[in-house]
Amino acid sequence: MTVEDNLDIDFSDLEEKYAVNADEGFESFIVVDGAPVIPQAKQAALANVMKKFFGAVGKIKEDGIFIPFDEATGKSTGFVFIEYETGEMAAAAVKSFHNKQFDKNHKLLVNKLSEVEKYGMQYDTLKTEEFVEPETEPFVEQGHLRSWLMDPQGRDQFVLHRGDTVGVFWNKKGDTLEADVDRERWTETQVYWSPTGTYLVSTHTQGVQLWGGPDWAPPICKFQHPNVKMVQFSPCEKFLVTWSNVPLVLPDDEEKRKSIPFGPADEGKQIIVWNLETRLPVRTFAMPPEKKGASMSWPILKFSPDDKYAARMIPGEQLSIYETETMSLLDKKSVKAPGIVDFEWAPALVNLEGRQKSATESVLCYWTPEIGNQTARVVLMKASNKEVLRTRNLFNVADCKIHWQDQGRFLCVKVDRHTKSKKSTFTNLEFFRLCERGVPVEVMELKDTVTNMAWEPHGDRFVTISNSDSTTNYDGPLPANRHTLSFYALERHKGTQGTWKLIKAFDKKNCNSLFWSPNGRFLITVMIEGSNSIDLDFWDMDYEGDRKHGDKDLPANLHFLGSSEHYGISALEWDPSGRFVATWSSYWRHHTENGYKIWDFRGQLQREESIDRFKHFSWRPRPPTLLSKQQKKDIRNNLEEYSRKFEEIDAMEASEASRELIMLRKRLLEEWTAWRAQTDKKLEELGLVEPEPAESEYTTIEEIKEVVVEDKEEVCE
């Protein structure tokens with residue numbers, strides 16, 4: 001038998017039988033790529049730094065660090081070989097330090113020594129195979145993802161989910177809807193807007209799709225997550241989080257595994273974090289252990305306002321903070337918080353007193369209940385270095401709710417406390433002032449139990465709903481007209497010494513929900529769920545008429561604008577401008593009188609539509625304005641001019657006849673203006689235009705006229 005004949009024989013069964021374990025003898029070695037390139041004189045210094053860095057996960061053998069050098073250049077090659085005491089330590093090093101930032105300019109790639117040989121063999125195999133150029137997908141232009149902001153009339157959009165149909169429509173006056181897009185079976189369950197309105201998300205059995213642009217087609221991108229149920233965006237739209245109630249299962253077929261972006265470490269996980277730029281998963285998480293009878297809290301992963309950090313808690317145990325750039329645990333360890341119940345990020349970066357004015361921080365707050373002899377605690381923490389800014393110890397605590405002011409300047413923790421007999425409860429409001437030195441705390445003690453509290457956007461005023469029936473053994477909904485609605489304002493004229501004072505409290509109000517306008521000032525109170533109430537109450541905190549309620553020194557003039565009705569209301573949402581508000585009755589809640597209504601901020605009905613199997617309404621969010629403070633001021637000063645333009649547009653939309661007449665007048669005026677400009681130019685060229693006289697050539701003529709205003713005759717005797 002010749003050598004050529006031997007080449008045709010299949011030895012795969014023998015190779016498999018006598019295969020050598022590549023890890024045997026090398027299991028405790030790792031190879032580090034991306035280390036700093038140094039001259040030979042700095043070898044000892046780099047070895048010491050590497051030993052300290054990699055020694056965090058296990059003991060490195062004596063002389064267990066080898067740094068190879070290039071003889072031609074006399075410098076290191078950027079590789080480092082490290083030997084640990086055990087293979088488990090080496091495996092931990094790969095898991096902890098792969099793709100880890102070593103310093104500002106160096107990111108490390110860490111692999112086992114045996115894996116390097118395996119990848120080299122795969123490369124040699126690929127070299128012998130014929131190269132097949134991968135198919136390049138044709139570029140499809142999506143159009144500008146914020147094209148709706150260029151609408152000449154500055155209108156907002158909203159999405160309607162009716163039966164199996166989903167459509168995006170313009171908010172306009174009139175009876176007919178103007179659709180931007182309207183499609184059958186666009187989603188299998190729900191649709192979601194991203195925080196700034198860039199994307200509309202549709203959910204499907206195989207995953208989610210993101211839509212946008214002027215044409216709404218094709219989908220911008222797809223994310224594969226079977227049986228996805230919940231979707232969440234980070235505030236800056238850098239990350240997308242999906243959750244499925246079914247753990248992730250990898251296919252058995254090797255070819256199918258290559259088509260999905262998941263590996264063995266992701267199997268069994270239910271939460272996936274996606275990078276919207278790369279469209280790849282950055283990390284997967286398992287669900288935290290569930291307590292019996294406890295419902296799932298969403299979102300599970302919460303992001304800082306700048307998308308720099310993300311945090312999640314293991315209920316009752318710890319709080320884990322991650323750096324989103326690598327999705328690695330900050331400082332490689334979690335914050336131990338025995339009994340932790342809830343946490344919330346400040347909605348904006350906070351400028352802490354005593355720090356540089358330009359330096360802003362991501363701050364979060366969490367609370368733990370009373371456990372044994374340990375008091376309940378509210379903790380304020382700076383995320384970057386886990387510095388505790390303020391701790392507040394509390395006693396006899398039944399529950400806490402965290403309420404951040406939207407600019408992060410104030411934090412209110414609503415503390416429900418029980419009496420010593422534990423038969424009734426009352427509420428304390430604990431106010432933290434983050435922009436003052438030491439984060440002082442102000443306590444407002446109330447006799448009633450506060451059921452809801454809401455800060456005014458961009459302001460320091462707030463509103464509470466409370467009730468005097470504070471028995472702890474009553475779980476049902478309160479009877480109608482048992483709530484007290486209270487308005488509070490801060491004494492601004494006293495500066496940092498000012499406290500929050502009551503403006504006015506209204507008893508026997510039938511409401512459980514508070515909805516502030518996005519721009520503040522206007523408020524709607526309503527009863528949602530658990531009641532047949534149909535009333536919406538509209539309030540103005542800065543009424544321009546006479547003051548009726550509250551201290552004259554408080555920065556508020558409260559006025560009740562009126563009530564409106566919507567039977568079976570299940571949700572309410574303001575539009576981004578704060579001029580309109582939508583209420584709707586969802587088929588998902590009940591099956592009677594489904595539909596939606598749109599009101600203006602004063603409670604005047606603008607549009608009403610009853611729709612069978614109506615499911616959801618949602619305004620399209622807008623990104624933060626790019627206008628400067630001066631530009632905003634100029635717009636406010638010229639509101640009358642803008643109002644005339646919009647009134648003209650409204651008149652044109654009122655009827656086709658009015659539209660044609662206004663357009664004709666506008667065209668004739670433009671033609672006359674153009675003719676007049678052309679004529680003046682010709683006269684000027686011919687020298688027939690008399691120059692305007694200088695100011696000194698003007699003659700001032702004064703005329704004195706006597707006018708008889710009244711003629712009276714008096715008879716003197």
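Going from the start of the chain as shown, residues are counted 1 onward.
Yeah, the Cβs are placed from backbone N, Cα and C, and that goes for glycine too.
What Swiss-Prot annotates here:
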- 28-115: domain 'RRM' (DOMAIN)
- 1-216: region 'Sufficient for interaction with PIC8' (REGION)
- 1-89: region 'Sufficient for interaction with HCR1 and TIF32' (REGION)
- 183-221: repeat 'WD 1' (REPEAT)
- 223-284: repeat 'WD 2' (REPEAT)
- 293-332: repeat 'WD 3' (REPEAT)
- 445-484: repeat 'WD 4' (REPEAT)
- 506-549: repeat 'WD 5' (REPEAT)
- 564-609: repeat 'WD 6' (REPEAT)
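Per DSSP, the repeat 'WD 2' (223-284) is made up of 8 helix, 24 strand, 30 coil. Summed and averaged per residue, pLDDT over the region 'Sufficient for interaction with PIC8' (1-216) gives 85. Residue counts of the repeat 'WD 5' (506-549) by helix, strand and coil are 0 helix, 20 strand, 24 coil (DSSP-based).
Per DSSP, the secondary structure of the domain 'RRM' (28-115) breaks down as 29 helix, 33 strand, 26 coil. Across the repeat 'WD 1' (183-221), the DSSP tally of helix, strand and coil residues reads 0 helix, 15 strand, 24 coil.
In the repeat 'WD 3' (293-332), helix, strand and coil residues by DSSP number 3 helix, 16 strand, 21 coil.
Taking H, G and I as helix, E and B as strand and the rest as coil, DSSP gives the repeat 'WD 6' (564-609) the counts 0 helix, 23 strand, 23 coil.
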